[in-house]
Amino acid sequence: MLWLFQSLLFVFCFGPGNVVSQSSLTPLMVNGILGESVTLPLEFPAGEKVNFITWLFNETSLAFIVPHETKSPEIHVTNPKQGKRLNFTQSYSLQLSNLKMEDTGSYRAQISTKTSAKLSSYTLRILRQLRNIQVTNHSQLFQNMTCELHLTCSVEDADDNVSFRWEALGNTLSSQPNLTVSWDPRISSEQDYTCIAENAVSNLSFSVSAQKLCEDVKIQYTDTKMILFMVSGICIVFGFIILLLLVLRKRRDSLSLSTQRTQGPAESARNLEYVSVSPTNNTVYASVTHSNRETEIWTPRENDTITIYSTINHSKESKPTFSRATALDNVV
């Protein structure tokens with residue numbers, strides 16, 4: 001319990017009038033890499049014997065050390081959360097391993113001697129090692145063959161401590177992750193654009209070729225244009241075939257209708273044959289149509305013999321039989 005008593009005695013004995021005030025000190029900025037180790041350096045007063053050292057983290061006691069000239073120092077870790085990851089050098093500088101994001105904060109070392117006290121302040125930042133830098137692009141090709149590039153740079157797990165900039169030929173073009181440039185192959189030579197991502201512990205870079213990106217866009221534009229041309233051609237061919245079929249069908253219907261209209265009443269009458277059957281007292285007419293049959297008009301000649309056949313009645317009554325001369329008289 002001696003170390004605890006001495007620590008409390010140090011806190012109460014060295015007030016604002018006996019130590020350097022916190023407001024007048026500039027903390028030392030120390031950057032640590034997530035998962036790795038960091039050391040907070042400690043300097044001793046020259047020519048003075050150190051009684052004890054207290055390490056604080058965010059104003060909470062972290063460790064209490066009592067140096068000895070003839071034996072190993074007494075080291076008492078007062079923060080169990082960081083106890084297994086704490087270590088001290090021969091000069092009692094603090095080493096913190098397997099860094100975590102929660103280790104970020106303010107650290108202080110209070111060194112007590114017989115005549116004075118020294119306060120060292122630190123600000124520890126835990127940063128991620130940058131990795132997996134990528135550049136995405138959205139390119140557009142105009143009709144005048146000018147290529148417009150929209151470039152975006154990114155890294156994995158980026159935070160506010162990561163900065164981006166774009167460079168070309170050693171000149172900084174932008175201090176943002178986004179860059180928009182126009183490139184004309186007719187007047188511009190091959191140009192590379194480099195994105196640089198960095199934080200306090202690491203940096204990455206990635207370069208892209210404007211010529212390569214624009215060539216890819218041109219190929220895509222040509223392929224798209226060819227596909228549209230082929231689709232348009234196929235649609236035109238199918239439309240022409242459908243239109244041709246409609247015209248042929250309409251023409252066929254018109255020819256059929258015209259043929260029907262050219263047949264006059266006389267030809268229609270000639271194409272009809274009537275058969276008269278008179279069973280008993282009823283008469284039944286039947287007609288047979290001979291479409292498109294060629295019919296010759298019969299013209300009687302002088303020497304032709306005209307024969308008329310009488311209708312046979314199937315009734316039992318006997319009909320008188322007329323002679324050929326009588327029949328001819330009746331016709332006349």
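Just so it is clear, glycine is given a Cβ too, placed from its N, Cα and C backbone atoms.
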| Swiss-Prot annotation, disulfide partner of C195 among C147, C153, C235 | C153
| note | Between N178, N281, the N-linked glycosylation site label in Swiss-Prot belongs to N178
| query | So which of S72, S278 shows up as phosphoserine in Swiss-Prot? | reply | S278
| query | Quick one: which of Y122, Y274 has phosphotyrosine in Swiss-Prot? | reply | Y274
| note | Students should find that the motif 'ITSM 1' stretch in Swiss-Prot, chosen from 163-168, 217-222, 283-288, is 283-288
| request: Go through N58, N87, N137, N144, N203, the listed glycosylation sites, and name the one with the sparsest Cβ surroundings, counting other Cβ atoms within 10 Å. | output: N144
| said: Helix, strand or coil for C195 (disulfide bond)? Use DSSP. | reply: strand
| Cβ neighbour count within 10 Å of C214 (disulfide bond) | 22
| Cα-Cα separation of C153 (disulfide bond) and N137 (N-linked glycosylation site), in Å? | 9
| query | So which of the glycosylation sites is most packed in, judged by how many other Cβ atoms lie within 10 Å of its Cβ, out of N161, N178? | reply | N161
| said: Most Cβ neighbours within 10 Å: which of the disulfide-bonded residues C147, C153 is it? | reply: C153
